[in-house]
Structure formats: C-alpha cells, structure tokens
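Visitor: Quick one: this structure, given as structure tokens, is what I'll be asking you about.
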Amino acid sequence: MIKTNYIYFSNNKKFSISIIVLTLIGTLLRIPGMDLPITSDLAAIFLKHFQTSWDSLLLNFRDADQRTSFILLSKIAMGIFGENEFALRLPALLSGIFALPLAYKVGVLTTASRTGAWIGTLILTFSFTHLHFIRDARGYSLTVFLALAMALITYKLLEKKNFNLWAILFLLTGLGMILIVPTNIHFLVGIGVFYIITILQDHRKPYIFGDLIKLIWPFILLFGVICGYFLYILEDLMRAIATEKNFGALFGIDPDMGFSLSRFTDIFLTLISPWQTWLYMFLFYGLICLYKTRGFVLFASLIVSPIILVLLSGLLGPPRVYVYWLPFFLLLIGFGMGELLIYAKSKFSNFSAHYIGIIILAIIIFYPLVSDSDRFIKIPHKQGTTLKDAKTAIDFIKKNTSRHDLLIVPFSDRVLRYYTGEDISLKMLSILQEGHLNNILFLGPSEMPPYKIPDIGVKGDTPLLKNHTFNVIQSFGNLRLYKLTFSIKKLFPFDGDRDYENHLNLKHDKTTQIDHVKQPKIAGNESLLVRQYANHGKLMSRQFKTFENNKDGTFILVNFATGYGHRSEAQLMFHKGEGPTEDNYWNSLNGIFFSRESKLNWIRTDPYINFHVQPDFSIGGANFGWQIKFIIFPISKGMVYLTEGFRTWEKKTYFDGFQSFLLESKHVSE
C-alpha cells in the first residue's frame, strides 16, 4: 500500500464536509417512497408478525420472513409516530442513512485511505441494492448497518480501550444481526476469525490462557448465546429450511438449496448493481494493495468464512442474505480506485490522476442516473391499501355492522387482512354458531370490481357475481365498502338446529364409520366424527328436499366447519346433471380457530400457506383446528331437488355447524 495516500489528501476537514454532503445526498435518494403502501413480502411480514408479542418474537422463529430486530424497531417507531408506512419503514431508512458515514469510518480504519473510503461511500450512496433494501424494509439495510458496526466495534476491541463497554456493544450488535436473519452467523464467524488471527499476530509471545480468555470472552459469550438460541429454536429452523426448499421447488429454483455456480454468481452481480462486473477489477486490485495488512485479514475473513460455511452446510440462500458483504465489497472497490489514482499520479502527473478520477466518479454517479433514473427520481405510483384507510374502514365496520354480517376482503390484500382478519373470523364464528346471516358485505380497493373481491388468486376463481348489483355503503380513501343486494333466507335447517349434521340419516358404505362427539366442537352440543378406512368416502342424507326457485340469479350459500387444512367437505348434492358447475369459496382462509380446553382461539392464516411448512399447533395445547367455510354456487330456475352430503379424504375428520342460505338477487344486470 502506497503511503503517499495521506499526503495526497491531507485535509481532514475537506473529507468530513464531503461525507456530510454524501450523507445528505443519500438521504434525499432514500426518502422518496417511504410513505408508499406496503405490498408483497413486506405486507406479509406485517400481516404475520406485527401483532406478535415481544416475547414470542424473541423466543420463536416462525419462518424465514420473521426479521425480529427490524420488527421490534418498527413497532417502537409506530408506537411513537403512529401506525403509518413511514414509521414502519423508519428503521430501514435511518439504518440506511447512518450506514453512509459509518462506511467511511470503517473504510478509513480498514484501509488507512481516506480517498478509498470516500469513493467506497460514494458508490454505496448510489447503490441500487442498498436503495432497494431500504424501500423494501425487511431488515436488510439494518444488516448492512450492523455489519459495519460489528467491524468498527471489533477494531475498538483490538485497541483494548474501554474494552468492557465495546464488548457489551459487540454482544448486542451480534445478537441484533442474528435476530434479523440467522444466516448472518456466517458474517459473525468471519469477524471472529479475523479477531483471533489478529490478536495472535499482534502478540509475538505465546498467550497465557487467562490473558487469552480476557481478550476473547466477548466472542465466547456471543457465540455461546447464539448456539443456545439456535438449539432452542432448532425445530423452527428446520421448518424454515423445509419451507425454503418448498419455495425453490415451486418456483423452479434448486429445491435442495445446494451450492450452484450460477446462483453463487448472482450474489456478486447483485452487490454491484447497477454497475457491471468491471468494478470487480478494482476490488482485486484493492486486495492486492492491502496484502500483509490487518485490513486484508478482515476482508479475506469476511469473504472466505461464509463461503466455507455455505460449502460445508450445502445450503446456498438467495443473494439478499449475503447483503452484509455489500459495504465491504464497495469499500474495497473504492480503495482499489483510490490506489489506482495514486499510482497514476506517481507515474504520470496530477492532471492525469485528476482526469482519470473525474471519469471514474462520473461513471459511478451518472451511469445509474442515465441507465435507470426512475429508481432515483420517479416516485412509484401509490398502489395498495394504506394503513390509514384500513384502520378507518375497520373502525367503521366495528361500529356499524353486526356479528351476523358476513364481511369479505381480497385474500391478496394483506394490509386489509391484518386489520380486518379477527373481526371477519369472529363474524364467521357467530354466523356458524347462532345460525343467522343478515348481510353480505365486500370491502376492497376502488380499482377492483366488487365481484372480484372474493378471488384468492387461483385459476379456479369464477366471477359468479359479475352481473349482480353492489351498493356502495361507505368510502375510506381508496377503499370501498359494498353491500350485496341479495335477500337472504335460511334454507336448512329450518328450525335453527345447530346439531343438524348429527341428526341426518346418512347413507355410507362399510369403509366409513360415523360418531357424534362432545369434543371437539365449534357449534351446538356435538360434532360429527367421520372415520374413513378407504382412500376417500362419501356420505349422503337419505332424505331429499325440494323447493321451487322462481327467480334468475339465485344462489345457495353453504356454511360449515371442518378440520383445518382438511380436504373433506360438507356439501349439497343434486340429481345427476342438475348440480352446479361452478362455485366460489368465501373467506375460507380466514375463519381458523383452534380449540384449547373447550375454548376457541383464532389464529391468523399464513399468506404463504401453499408452500410454508406450518408449525404443530398441538404443541401449544390445541386439541383440534377448525376451519369455517362458506361456499356459494348458483342454482337453476324451477324445481330444485337436493340433499345434504359429505366427502371425506382424511382418515379422521370432524364436521360441525352445517347450514345453508338461499340468496335471491334483487337486481340482476343483463
């Protein structure tokens, strides 16, 4: 490394001012979009984890989307500044802003080059990857900040001044990284390797055991706590790994999550976005210039250790989990550029060095502005439900609707489901238990036709209500609350019997056995237990019912409860060729209740239930999980002949609360 670096840029104040300017520019680039509605994976994190208690977040690991440190900080911010999108993203924004001056500080410590540290910070300021993870707000920008903080704290530990204070900060920062993503252990191992190598190199004589323990106890304590934590949540970690494999199989990624050269290459391409791979030549040059220095040991440890751990574990995660490399790669690149400028000055002239520097910096700044200016200048369109609108809507609904009003929201709108989920489920439970249905309400964004609100995003979604009239009851910003203009009549049972399924005279074959049990139950006094000894079974009431339908646009709504996640269903059966050809499920993933000691506890449904491995709720004392279902289908005009029936696919399942309603449309548009 060339010592003239300090002579070339000797004005400390100039660098301090320039870092302040870079931080201000970085702030201006990172603020736009902070108040946008939350969607996609961030909305899923909000839905699944933001109502979870602090102790549950710290002591459990539900899935790979649980970014505990970020969630806790966001909950604090929302507690102070109110429930809004800006407050939710505030920890990501602040960590992204403070990472810029911190990167410069770490760059100076590790490379002894103010020029290189400044250039590295400049690249980080305009990094698409850093900008994206701040707006994405899932904890990755916090990882970048904490990774830089760990490097700084480790250097402070090596100085041995205020050792105990820095040791405590080391422990808290390391745990903070683990509570974002457990795979951050790879980075912490790299930090540990660097620290051990450095203290051994700095001490020429062999250490006395006691003196060595005094130096490394922060690492022993940190990794001891991490190991204990991992053992405590081991089952959760195994479930999260299985979920990621399911995700890979579903979306065409390596289902084994094994090491792949192409996927490994994607990591390095992501880290230097939007620039191209030519930046890496400066990284290698920077490493060469750092050879035989403490900085070289740090960068080598941080790069090599995670790669070795990935190869040993056989698990290669997506590029975003290696975001802790981002600031260090960019600092190395900046250092390589700085050393190249010094070399140009020594071989040519100051003018040549300045000319080359201007060209490089112009490329760093203007390339992203020209290639994809939308990421910097254009504010994305506000799409999605805001927290404010959703809160206003649920407040209105709680005050102006009854427990017998069925409310339906889009399954894809995770913000709406966060605020309305419990109220919807309790209404579903009341309708099932008490046998009354007063109104059918739909709540969704104004740009979504109300007949599409029940859709769950699968090919089988059918617009059954496309030609029917919905009255707008109330607007809440971009949300609309509609009432379906149907007259609602009870079809079966006539007498309000809440044990109706237990009183049916059911016909079935010898492979099926039925029983009537007191527990588990969700409605009435008993539930219907069905044991199936074949692959599947069919039960049908021997008593056919008949009535005349005099109106077009008439539907039947069937309501019942069965086992959570079970394929078995209650249904109405028709004469051959007279049954409905299409149907819709309403709120089938909302009304989930687990019975614990005769009490029903509502749980929130995982939005990724199709590939997430779900926890075993029986461990928490649950006896049985109930899933309340509403199925609507059209019926033809004229005489209708039907009877009740059940189709079973599980070896053992329960049915309860069976009832049906006749929905006659008051207005049908042709």
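Backbone N, Cα and C atoms are what each Cβ position is placed from, and that goes for glycine too.
Per TrEMBL, the features are:
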| type | residues | note |
| --- | --- | --- |
| DOMAIN | 73-213 | domain 'Glycosyltransferase RgtA/B/C/D-like' |
| TRANSMEM | 15-33 | transmembrane segment |
| TRANSMEM | 86-104 | transmembrane segment |
| TRANSMEM | 116-134 | transmembrane segment |
| TRANSMEM | 140-158 | transmembrane segment |
| TRANSMEM | 165-181 | transmembrane segment |
| TRANSMEM | 187-203 | transmembrane segment |
| TRANSMEM | 215-234 | transmembrane segment |
| TRANSMEM | 267-288 | transmembrane segment |
| TRANSMEM | 295-316 | transmembrane segment |
| TRANSMEM | 322-344 | transmembrane segment |
| TRANSMEM | 351-370 | transmembrane segment |
Visitor: For the domain 'Glycosyltransferase RgtA/B/C/D-like' (73-213), how many residues does DSSP put in helix, in strand and in coil?
Guide: 119 helix, 0 strand, 22 coil
Visitor: Six or more residues out from either end of the transmembrane segment (140-158), which same-chain residues have a Cβ under 8 Å from its Cβ atoms?
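Guide: Non-local partners: 67, 69-70, 73, 91-93, 95-96, 98-99, 102-103, 105-106, 109-110, 130, 133-134, 166-167, 169-170, 173-174, 176-177, 180-181, 184, 187-188, 191, 194-195, 198-199, 202, 218, 298, 320, 323-324, 326-328.
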Visitor: Residue list, the transmembrane segment (295-316) vs rest of chain: Cβ under 8 Å, 6 or more residues beyond ends.
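Guide: Distant Cβ neighbours of the transmembrane segment (295-316) are 110-112, 151, 185-187, 189-191, 193-194, 197-198, 201, 241, 254, 256-260, 263-264, 287, 322, 324-325, 328, 332.
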Visitor: Please determine whether the transmembrane segment (15-33) and the transmembrane segment (165-181) are in contact (criterion: at least three Cβ-Cβ distances under 8 Å, sequence separation 6 or more).
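Guide: Counting Cβ pairs under 8 Å, fewer than 3, so no.
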Visitor: Take the transmembrane segment (86-104) and find every residue of the same chain, 6 or more past its ends, with a Cβ under 8 Å from one of its Cβ atoms.
Guide: 15, 19-20, 22-23, 26-27, 30-31, 34-35, 38, 46, 70, 73-74, 77-78, 80, 117-118, 120-121, 124-125, 130-131, 133-139, 141-142, 144-146, 148-149, 152, 327, 330-331, 387
Visitor: On average, what pLDDT score does this prediction assign to the domain 'Glycosyltransferase RgtA/B/C/D-like' (73-213)?
Guide: 92
Visitor: Decide whether the stretches the transmembrane segment (267-288) and the transmembrane segment (351-370) have at least 3 CB pairs under 8 angstroms, with pairs required to be 6 or more apart in sequence.
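Guide: Touching, yes - the transmembrane segment (267-288) and the transmembrane segment (351-370) meet the threshold of 3 or more Cβ pairs under 8 Å.
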Visitor: Which residues of the chain, 6 or more past the ends of the transmembrane segment (116-134), have a CB below 8 A from one of its CBs?
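Guide: Cβ under 8 Å, 6 or more out: 5, 15, 18-19, 22, 25-26, 29-30, 89, 92-93, 95-96, 99-101, 103-108, 140-141, 144, 270-275, 279, 286, 320, 323, 326-327, 330-339, 360-361, 364-365, 368, 372, 375-376.
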Visitor: Cβ under 8 Å to the transmembrane segment (187-203), counting only same-chain residues 6 or more beyond its ends: which ones?
Guide: 147, 150-151, 154, 157-158, 174, 177-178, 212, 215-216, 219, 222-223, 226, 294, 297-298, 301-306, 309, 324
